């Protein structure tokens, strides 16, 4: 399944918003330490509202710890330095979408590692340095899910016209 990975996130409100998006899409969220906040931070909890019980949250001491523990299919790095647009990338079900910290982004050694594709979300850099982290995660995650036909989002939930909102459907993916 697609995973969201935040490398050293600093702003609790961003991480809380991302956690809420992950809960809404049934997407595991992985945080790489150090974090710029405590997991008990009230801003983090408030941004995630009452959806925290639905967040599949994992904390890792380092990126290498994450790789050893999760053994992802591919790590797709998101950066303003990426050459390929996110809409041109073909996502796989086992991709990890990796985002850097709000102030520093991803470390150079990751961005220069040829085993990791680096893609970008376009924006007018003459006006704005970068998109807000939670906005970027939402854009990228929903594009990946769209390409994968929202498989994890709708697993076991009715998608046909006659079904009610959230109605359980046997055998419907």
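Heads up, the Cβ atoms here are built off N, Cα and C, so glycines get one too.
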Next item on the list: Figure out which of 115, 130 sits with 100, 121 in the S-adenosyl-L-methionine site per TrEMBL.
Entry: 130
Checklist line | Sequence-distant neighbours of residue 100 (S-adenosyl-L-methionine binding site) in its chain (C-beta under 8 A, six or more apart) | finding: 7, 8, 78, 79, 106, 107
Check: Taking the Cβ of residue 121 (S-adenosyl-L-methionine binding site) as the centre, how many other Cβ atoms fall within a 10 Å radius?
Finding: 19
